[in-house]
Amino acid sequence: MPAARVEYIAPWWVVWLHSVPHLGLRLQRVDSTFSPGDETYQESLLFLGVLAAIGLGLNLIFLTVYLVCTCCCRRDHTVQTKQQESCCVTWTAVVAGLLCCAAVGVGFYGNSETNDGMHQLIYSLDNANHTFSGMDELVSANTQRMKVDLEQHLARLSEIIAARGDYIQTLKFMQQMAGNVVSQLSGLPVWREVTTQLTKLSHQTAYVEYYRWLSYLLLFILDLVICLVTCLGLARRSKCLLASMLCCGILTLILSWASLAADAAAAVGTSDFCMAPDIYILNNTGSQINSEVTRYYLHCSQSLISPFQQSLTTFQRSLTTMQIQVGGLLQFAVPLFPTAEKDLLGIQLLLNNSEISLHQLTAMLDCRGLHKDYLDALTGICYDGIEGLLFLGLFSLLAALAFSTLTCAGPRAWKYFINRDRDYDDIDDDDPFNPQARRIAAHNPTRGQLHSFCSYSSGLGSQCSLQPPSQTISNAPVSEYMNQAILFGGNPRYENVPLIGRGSPPPTYSPSMRPTYMSVADEHLRHYEFPS
C-alpha cells in the first residue's frame, strides 16, 4: 500500500470551510459537526443560500440604480464626448467578454474535478459493496456445505458402516466439527443491509452527479452564447438584439448567484463531513454493525487485532481435523466397506472447497482492501470534489461580475445608438456628402452621374470658343448660375456654387494645349450625347 494512502489527512480547504461560522436563520451559533438530519444544522447551510440571495438583491439594486442614473442623465453630446462613450462601451464589452471566457474556463475545470471526485466515490462504493456481497456469499456457501451437503454424506456413511462403532464415533466427531464451523460462520457480520444502503447511495450519487454535471455544462454554454451574441449586438449596433440579450443576461446573473448558493452549501456541508468522517460513520452504523468491526475497517492499524481472527482460526482447525478423519476412514474403512469410498471422496472434495473459500473469506475480511476503498472514497469527495466546488463557486462570481459589466454597458450603448441615429436624421437628404444619400445614389441606376464644375457640356462650349474671356468679377445672384448650369446639362445641386459665386474665371488654355484639349473633348463627345 502506498504511504500516502495509509492515513487520511483533511486538506487545508476542508479545514478552512469547516471553520466558517455556522449560523441559523435567527443568527444563533450552530455546532459545525456534520449532522444532516438535524434541523438546526440544515438551517446553517440554508443560511449560506440566504447570504447568496442577499448578494443577488444588492447586485440587482446596484444595476437598477445605475440604469436609472444612466437613462436620466443628460449630457452635451460633443464629438469628443461621443468618442469617449464609444471607447468606454468598447472596452467595457471587451472586459466583460474576457471575464466571461475566464469564468467558463474556471467552471469547466471545477466541473471536471467535481465529476472525477464523484466518480471515484461511486467506484469505491461499488468496490466495497462487491466485497461485502462476496463475504455474504462465501459465508452462505460454506454454511450450505456444512449443514446440508456434509450432513447428507455423513447420514449415508452412518448406514454403510453402522456395524463398526469406532467409525460411527469418527462420523459423529466430524459432525461436531461441522457444527463448530457453522457456529463460527454465524458469528460473522451479515452485510446484507449494508450492501442495500451502499447500492442505494451509489445509485443516488450517480443520478444526482449526472444531472449536476449536465446542468453546469448547459450553464457554461448559455453564458458563452449570451456573451458572444451581446458583443455581436454591440458590434452590429442592433438595438433589438442587444435588448433581448441583456434580458437573458439578467436571467444568467440570477442563475449564477443561485449556483453560488448551492456550491457554498454543498462545499461547507461536505467539509464538515470530511473533517471527521470516522465519527459520523461510527455513529450511524452502530445499529447495523458492531462498532469494533467498524473501527477495525476505518482505522486499519497494525495495533488493532482482527475481530474475526478467532472465528477464522476455529474454522481452519475444524476443517483440518475433519480432513484428518476423512483420510483415516479412506485408509481403514474403505477396504472393509468399499461402498463408503464415494461418500468419503465427496466429503474430502467438500472440505477442500471449504478451505479454498476460507482463504478467500480471510482475504475479504482483512481490513486493507476495504480501508483502501474507504480512503479512495474520501479522496474523491474531500479532495477532488470539494476543490471542484470551490472552482465552481469562483465561476459563479466571475460570471456574475461579467454579466453585471455587460448590463452596465448596455444603456450606454443604447444611448450611443440613439444619438448616432439622431445625427443621421439631422442631415439633409439632398446633401451629397450624406452617407445615406450616397447609398441611395449607389443603388439607383437612373440617377445621373455627378459632374464637376468643368462638365462635358462646358467642354463643348470651350471647343467652340477657346479665347479666354475677360476676368471680371460677377455680382450675379446664385440662382443665375444655377440656371446656367441647367442649360449646360449639369445638375444644379452638384455644381460648385460657391466657386461661381466668388467670380472665379473659367480655365484658360495656352496655344500649345489647344490640340490636346480638342482631342479630349472629341473623345468625350463620342461617349456622351447631349440634347440639341
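Including glycine, each Cβ sits where the backbone N, Cα and C put it.
Since we're looking at a predicted model, the values are computed, not measured.
Feature annotations, reproduced from Swiss-Prot:
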TOPO_DOM  1-44  topological domain 'Extracellular'
TRANSMEM  45-65  transmembrane segment
TOPO_DOM  66-87  topological domain 'Cytoplasmic'
TRANSMEM  88-108  transmembrane segment
TOPO_DOM  109-213  topological domain 'Extracellular'
CARBOHYD  Asn129  N-linked glycosylation site
TRANSMEM  214-234  transmembrane segment
TOPO_DOM  235-240  topological domain 'Cytoplasmic'
TRANSMEM  241-261  transmembrane segment
TOPO_DOM  262-385  topological domain 'Extracellular'
CARBOHYD  Asn283  N-linked glycosylation site
CARBOHYD  Asn352  N-linked glycosylation site
TRANSMEM  386-406  transmembrane segment
TOPO_DOM  407-532  topological domain 'Cytoplasmic'
MOD_RES   Ser504  phosphoserine
MOTIF     506-509  motif 'PY-motif'
Selected stretch (most C-beta pairs under 8 A with the transmembrane segment (45-65)) from 88-108, 214-234, 241-261, 386-406: 241-261
Cβ neighbours of Asn283 (N-linked glycosylation site) where a neighbour is any other Cβ within 10 Å: 13
Between Asn283 (N-linked glycosylation site) and Asn352 (N-linked glycosylation site), the C-alpha gap once rounded to whole angstrom: 40
Among Asn129, Asn352, the one of these glycosylation sites whose Cβ has the fewest neighbouring Cβ atoms within 10 Å: Asn352
PLDDT averaged over every residue in the topological domain 'Cytoplasmic' (407-532): 48
Helix, strand and coil totals (DSSP H, G, I; E, B; other) for the topological domain 'Extracellular' (1-44): 16 helix, 2 strand, 26 coil
Distance [Cα-Cα, Å, rounded] between Asn129 (N-linked glycosylation site) and Asn352 (N-linked glycosylation site): 27
Same-chain residue ranges lying at least 6 outside the transmembrane segment (88-108) that approach it to Cβ under 8 Å: 216, 219-220, 223-224, 227-228, 230-231, 234, 391-392, 394-395, 398-399, 401-403, 405-406, 408-409, 412-413, 416
For the topological domain 'Extracellular' (1-44), sequence-distant contacts whose Cβ falls under 8 Å of one of its Cβ atoms, 6 or more beyond its ends: 50, 267-269, 271-277, 279-280, 368, 372, 375, 378-379, 382-383, 386-387, 390
